[in-house]
Amino acid sequence: MRAVVVCVFLLVYAAMALGRLPGLALDRCGAAVLGAIVLVASGLMPVQAAWNAADVPTLALLFGLMVVSAQLRLGGFYTAVSRSLVTAAASPVGLLARIMLAVAVLSAFLANDIVCLAMAPIVVEATRGRGLNPLPYLIGVAMAANIGSAGTLIGNPQNMLLGQVAHLSFSGYAAEVWPCVAVSLIMAWGLTVWAWRGRFAGPVISLRVDAPAWNPWQSAKGLAALAVCLSAFVWGGVPRENVALACAGALLLSRRMASRETLALVDWQLLLLFLGLFVVNKEVAAAGFLDDLHRGLLAWGIDLARPAWLYAVTAALSNVVSNVPAVMLLLPGHESPGQATLLAVSSTLAGNLLLPGSIANLIVAGQAEGPGVRLGFWEHARVGVPAALIGLAASGWWLLR
């Protein structure tokens, strides 16, 4: 039976690394769900044990904040912010700085994938209209989204999980990592400027992307919900997931905005990915396979109990299987506040290394294809590799000092 569990684990994480299982139309989410189904349907894991494996507070927090972010997107908030940034008078380099700073700030408090989904097409529209090459700006959006999301416990899914499991202080975490975020963002901007020097200009192309129109009332509701969440996270004693769910419920009570539209923007695939991995990883840990992996690493001189090794392995693994699966695999046994902070920063900043390294990168590349812009692997790597390595090195020095 242990062999079956190990086979399920290896196949699921092979899909995490490759993005799909070869020969099958089965993506990461499908593989995680199928792995959980095999364990339950085969009787290796009772149904109740599978449900108990899920970290419901984390899933609830994710869902609630996704609804808040969806409200802001449907209310045209992202559209208004994007267009106000790109239409203001600024040099090409100054425009890049404005865009990256705004994306980083938004990604720290809202789901960075929705920020990228909403802003990338408008960045293409604006840069084309101003006679600028959209590629450096799109790379800037992707990198800033990853970097900014490392700044809080709600910037990305893995940080939400780590904050819940390790019981991290919202304000304490932000205070600890803000120098990492600031230095990484400045370096990413500088490297983008250097890599694309002399190539910011492009042909003037007029286009108009389809984006939600600005609705002051709906946007105000979303911002009010976000303000309530942040205030409660910093000063309140109520569990974060309760606050997020309450705000999501209040937003769904609308006479104008259909709940179907709001819920359509919830990333159900991500929630199912979490659920599937919770089940698979729980059974793998119970079978003792994770202990075997740790012993194998120790035989090679890699001791995950040492913070520097944990930080480095997290960064490497995040670029192999993506950051969420990497964190979920490494989290058991590394649940102290210090270890969780290392996992959060390393897994997130590592997403800038390669184009497939984070969902935010892939969303930006996918959204750019609609208006006819191709962001390729090597265009991203020219900036992403040095930006990620410098950011990881500087952040590692700060956190491990």
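Using the three backbone atoms N, Cα and C, a Cβ is placed for every residue, glycine included.
Curation does not apply to TrEMBL; its annotations are automatic.
Keep in mind the model is a prediction, meaning the values are calculated, not measured.
Residues or ranges marked as domain 'Citrate transporter-like' by TrEMBL: 26-333. If you look up TrEMBL, you'll see 29-47, 59-79, 99-123, 135-155, 175-196, 270-289, 309-331, 343-363, 383-400 marked as transmembrane segment.
Panel annotation: around the transmembrane segment (99-123), residues 65-66, 68-70, 72-73, 78-79, 81-83, 85-86, 134, 137-138, 140-149, 151-152, 154-156, 181, 185, 188-189, 192, 209, 211, 226, 230, 265, 267, 359-360, 363-364, 367-368, 370-371 of the same chain, lying at least six beyond its termini, place a Cβ under 8 Å from a Cβ of the stretch. Within the same chain, residues 61, 65, 95-96, 99-101, 103-109, 112-113, 115-116, 119-120, 123-124, 127, 162-163, 168, 170, 173-174, 177-178, 180-181, 184-185, 188-189, 192-193, 195-196, 199-200, 229, 233, 344-345, 348-349, 351-352, 358, 360-361, 364-365, 368, 373, 375, 379-380, 383-384, 387, 391 sit at least 6 positions outside the transmembrane segment (135-155) and bring their C-beta atoms closer than 8 Å to a C-beta of that stretch.
Among residues of the same chain six or more beyond the transmembrane segment (59-79), those with a C-beta under 8 A of the stretch's C-beta atoms are 106, 110-111, 114-115, 117-119, 122, 154, 157, 160, 164, 211-215, 217-223, 225-226, 229, 240-248, 251-252, 257, 261-263, 265-267, 270-271, 274-275.
Looking only at the domain 'Citrate transporter-like' (26-333), the predicted model's pLDDT averages out at 91. The transmembrane segment (383-400) shares more Cβ pairs under 8 Å with 175-196 than with any other stretch in the list 175-196, 270-289, 343-363. Only sequence-distant pairs (6 or more apart) were considered; of these, at least three Cβ pairs between the transmembrane segment (270-289) and the transmembrane segment (309-331) are under 8 A, so the stretches are in contact. Counting residues 6+ beyond its ends, the transmembrane segment (343-363) has Cβ neighbours under 8 Å at 19, 107, 112-113, 116-117, 120, 142-143, 145-147, 149-150, 153, 155-156, 158-159, 162-163, 173, 177, 180, 184, 188, 310-312, 314-316, 318-319, 322-323, 326-327, 330-331, 334, 375-377, 380-381, 384-385, 387-389, 391-392, 395-396, 399 in the same chain.
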